[in-house]
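Per TrEMBL, these features apply:
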type	residues	note
TRANSMEM	A:12-35	transmembrane segment
DOMAIN	A:180-233	domain 'HAMP'
DOMAIN	A:241-455	domain 'Histidine kinase'
Amino acid sequence: MQQTQLIRSSTFLWALAVAGSFALFVVALFAFIYWKLDAYLVARSDRMITTQIHFVAELPPARRVSAIADHLAQDSRGVQYAGLFDAAGKRLAGNIDRLPRELGLDGAAQGVQLDLLEKPTAHGPVVRVVGSRLEDGDVLVMGRNVDETREISSVVGQALALGLLPAFSLCLLAGAWLSLRAQRRVEEVNQRVQRIVAGELRERLPEGGTDDPFARLARIVNGMLDEMETMINALAGVGNDIAHDLRTPLTRVRLALERGRTHAATLEQLQDVADKAIAGIDQSLAIVTALLRLTEIENNRRMAGFGDVALGEILREVCDVYDPIAEDKHVGLGVVTECNVQVWGDRDLLFEAVANLVDNAIKFTPSGGRVDLALQAEDETALVRVSDTGPGISEQEREAVLRRFYRSDKMRNTPGVGLGLSLVAAIVKLHGFRLIIGPAPGGRIEILAWTGSAGRPIARRSRALLHAEAGQMG
Amino acid sequence: MTRILLIEDDTETAEAILAELGDRGFEVQWAGNGVEGLARARASSPDAMIVDRMLPGVDGLTVIEVLRKEQVRTPVLVLSALGAVNDRVRGLRMGGDDYLTKPFALIELVARIEALLRRPSDSRETILHVGPLELDLIERTARRGERRLDLLPREFRLLEYMMRRSDQLLTRAMLLEEVWNYKFVPATTNLIDVHMGRLRHKVDGSGETQLIHNVRGSGFVLRSR
């Protein structure tokens, strides 16, 4: 199994292909060299024997026999052949036994099988021969052994064996090693991922010290895992918060019902108990509704409801709705919109966000104070500011207020679900805007919106923002 | 007698609705699934329908769609556990006239059914009359008898809505949706009460008969008498 996997792995197959083509190339190269060398040697032999036959033919007939003998005597390696035959084909001199029948006597070199006087080897050597009929009718034959090419070919073969085979095996080995290494890393990653899937959220992929693509990929995945862990932990925290916050009203309901069941004597008393129970259940439902709304906004990636929204109009409308509330609480409520700015967004959601901010501001501003709404515009940005004369949000609380259900201790007795600011944060995030919480004393929350064409591509969920949010959530 | 068809698969919910509507003098038929509901709607042509969105077999929205294609214009109140804005928009687009998210208060259901049954008559009227109240929609003036009422624009809008639906119970949720065009529940729960208090202060002067009534725990009524 392991072996077939190894052979099938693409790394190994690539190595095999490279090694194969390398071998083919080298063999072709050697073949070319051999062929060229052979041709060169033959041509050289041909020139040599042609020169020699001219030399001997030019000699007076009487000296030819001794010249041939001399010539053969000088050849210590035994690669030269010569023969002088009379017109009848009878040998007069030289080491060639018989005149080869197929030899043309026109002075051109030919490859011919020679019958020699002494037969040193089993097979007749490959010989280049040139023959010439002399003017006295004799036939002169000169030849040269070109068996050297065979030696060359054996040398070439040895070179191939010595060079090519190790190279080829090395290639294969490297391929096998690389693919094994990749497989091992994949297997390791797989095991870690399985652990993560099984719920071990702390697990990370091995990054290694190197900077190879694998390590880089691991780093990227680890970055993603970091973010997901933060998010999952935040969600788990939310689950706890929901449970705790739902418990309070439900406990009240339970106590009221339990006491009412045993103690209510009259119909009015029972109705009173029922009213209390309904109020408690309504409060629980309000929490559930607000949560669902938050999830709805956070999950809403579609920009179906988006269009051009006049921020000034929204501010004036919110002011209009909350004016009587503020008046009842003796809190001044004012709005300053110095310009008419349009942003790309969902009108209803932006209204909800601003309404939530104003709602909060009025709630936490003591009687006699002020809440002010302002809209400012600059180049590509618009700033919606809701400021009040209340206690504001302290440095330590700044991140916590965006968490779901967070209510600072001093607000514990204030009615509300505690989801208001997280809702605002979710809406702001959906639009790609920024939520800025100003320093205490005095509450100041700003929404920084992008106007003009810069605001259109909402996909600007920059990493910096994401990290900031993760930090706030954690 | 007003006849209402309820299509709802949950028996307990259906029984509670049946009992409440029965107490209020409606004649209610009940169908437990979409196919039966469709058959009953065709056979008995009720005055209004309450349709649960999630039904076994044929779902509620399909029932409404089929009926609307058959030119049945019976007002329909859609009940649903899906409360997201998109779900709501879809429910209304498929032919529902109003949308109520579960869980709901029975009084809210009754108020909405009554509102559906008594749709504001002629919206081309330019002067509305309810008891001693008179509202001129063109001049943007309001008077009670001889006394001129000095109303802010939002108060004018609220009074207009109430005068078109006089003697009907208007719940806070209805007012939020219809008058303030709210798509969400505001954090300040008494938002409507404060606005209504302002309006009532102007409409019902001292010594005059009270016209705007607070129905405890549910909403408001503008009484013509």
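FYI, residue positions are counted from 1 along the chain as it appears here.
Positions of Cβ are set from backbone N, Cα and C atoms, glycine also.
Same-chain residues lying 6 or more positions outside the transmembrane segment (A:12-35) and placing a CB less than 8 Å from one of its CB atoms are 6, 149, 152-153, 156, 159-160, 163-164, 167-168, 171-172, 174-176, 178-179. Summed and averaged per residue, pLDDT over the domain 'Histidine kinase' (A:241-455) gives 81. Helix, strand and coil residue tallies for the domain 'HAMP' (A:180-233), in that order: 39 helix, 0 strand, 15 coil [DSSP].
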